[in-house]
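Peer 1: Annotations per Swiss-Prot:
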BINDING   CYS447, CYS453, CYS492, CYS496  [4Fe-4S] cluster binding site
BINDING   CYS496  siroheme binding site
Amino acid sequence: MSNNFTKVENPVLIVEGKQADNERLKAESDYLRGTIKDDLQDRMTGGFTSDNFQLIRTHGMYQQDDRDIRAERQKQKLEPLHNVMLRARLPGGIINPTQWLAIDKFADDYTSYGSIRLTTRQTFQFHGVLKPNIKLMHQTLNSVGLDSIATAGDVNRNVLCTSNPVESALHQEAYEWATKISEHLLPKTRAYAEIWLDEEKVETTEADEIEPILGSNYLPRKFKTTVVIPPNNDIDVHANDLNFVAISEGGELIGFNVLVGGGLAMTHGDKATYPRCADDFGFIPKEHTLAIAAAVVTTQRDWGNRVNRKNAKTKYTLDRVGVDTFKAEVERRAGIKFSESRSYEFTHRGDSFGWVEGIDGKNHLTLFIENGRILDFNGANSDSKALKTGMREIAKIHKGDFRLTANQNLIVAGVSAEDKTIIEQLAREHGLINDGVSNQRKSSMACVAFPTCPLAMAEAERYLPGLVDDVEAILEKNGLKDDSIILRVTGCPNGCGRAMLAEIGLVGKGPGKYNMYLGSDLAGSRVPKLYKENVDEAGVLSEIDALSARWSAERNDGEAFGDFVIRAGIVEQVIVSFRDFHHA
């Protein structure tokens, strides 16, 4: 059942007005080619100019600079230290040991930070790649069967899939659908291969032949898709535009419930922007998956707001035209009717750490990677963790694959009984297994933010470890040592850290200042509500102390923190985002 507006009288299907400049940019880009090749040859600047600054996103890159040294470089009359961040396309998050060793070496040899960053999009990122090494980076990925096509920009991005190593057969089929969806919705232009892999350009003039689904102007805004296997909502369906919820009978996949219109990004001070949970359109047999995916994407392509990019996501299109109208158009385009949704339930999120055995007899080891940062940390005493070296040593002997999770962790999957001991030994020797990690730390997550993200308003990744130290102490003081709160920090309101589905969500407002949101639930089916604005770091701890003390004293048996703050009247529940999220 929808918690949003199902019917809108006289819906506006097409938003009229002067289109955003990004629409001109895409139309003039020659199907995402632009003049990127020319920019690559320009060594007078380390960055990309004009339209190419935006266009490289559709090739999986963002132009960034090191913000820690930006001011000093300005004093020296130098341009910012431009570099790119690359996000790989990795449907379902699966990568094999050969591929891992290749990205490990590239990170060592050609990135400024020497790390591999696992992300909430179930893939990895390189940070700090300088212009002369960008083409080599893409060719390195290609040499091991990887790419970064459409992992950013106004396209369908990396397709997520539940990391479920136990239900091996079901997970395998769900993963295969994630891969099929990714391939089906990819841009068809050969721009990526021509620019980065030196493929010869083939001339064509028929726009529909080049981009039959995305169109010559691509999508109004980014579009995110997932495949999820209940009861674990590990990929946070309500953060995504399109979700296929696996329905099984007797352990076999029979089809999907289709959820449309989730999304978390917003803009501080703009009440026309808000996070929103997705609507359940109904059930489809699995053979209709690609047709429905294309129909949802093309409906959003044609009806999405190309005038105001802040209101261009699918969630706003649904609220503007009404869920029923959007759903009917999807059915018309696909030639398929949704049937009544099949029963399912999300009971939890997050990853289960340690060893599990799948029904295929293979063993799977889920490793907690704080903030997803795989690097050799050379701290004092017990703080030293050679995570990157450890992963390299495991990759050298591992015969299965690695599965990156949407919670920035990693599964060493498909381990035989005879290899379990050596895999665990390597993991422990290099700090990849730490039995002392608390439930609270495992329940906490942050986006990258400073020093690389140009949008960050406050710290996130660098702030979180110390914050969790303090929260652990607060919980223990309040008699909650064995409990945890889903805590997420994001450096800006764009939502990469999924703070808008946290029991406590901290959203950067300025240096050392955060807006504090409370009230999501354990299953991730509710967006939180603003509790306090512009809270400094000391204030954050003070509020968590007071709130957790009340939770400890007043909660019902087994009541989660997010449920408690709503029942206790600390914040109001957000039911309809458009109506409730900004309501004082």
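In case you wondered, yes, glycine gets a Cβ from its N, Cα and C as well.
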Peer 1: What is the one among the binding-site residues CYS447, CYS453, CYS492, CYS496 whose Cβ has the most other Cβ atoms less than or equal to 10 Å away?
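Peer 2: Counting Cβ neighbours within 10 Å, the top one is CYS447.
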Peer 1: Beyond CYS447, CYS453, CYS492, CYS496, what residues of that chain have CB atoms within 8 A of the centre of the [4Fe-4S] cluster site's CB atoms?
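Peer 2: Not counting the recorded site residues, we get VAL448, ALA449, LEU455, ALA456, ALA460, THR490, GLY491, ASN494, GLY495, GLY497, GLY508.
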Peer 1: Going by DSSP, give the three-state secondary structure for CYS496 ([4Fe-4S] cluster binding site).
Peer 2: coil
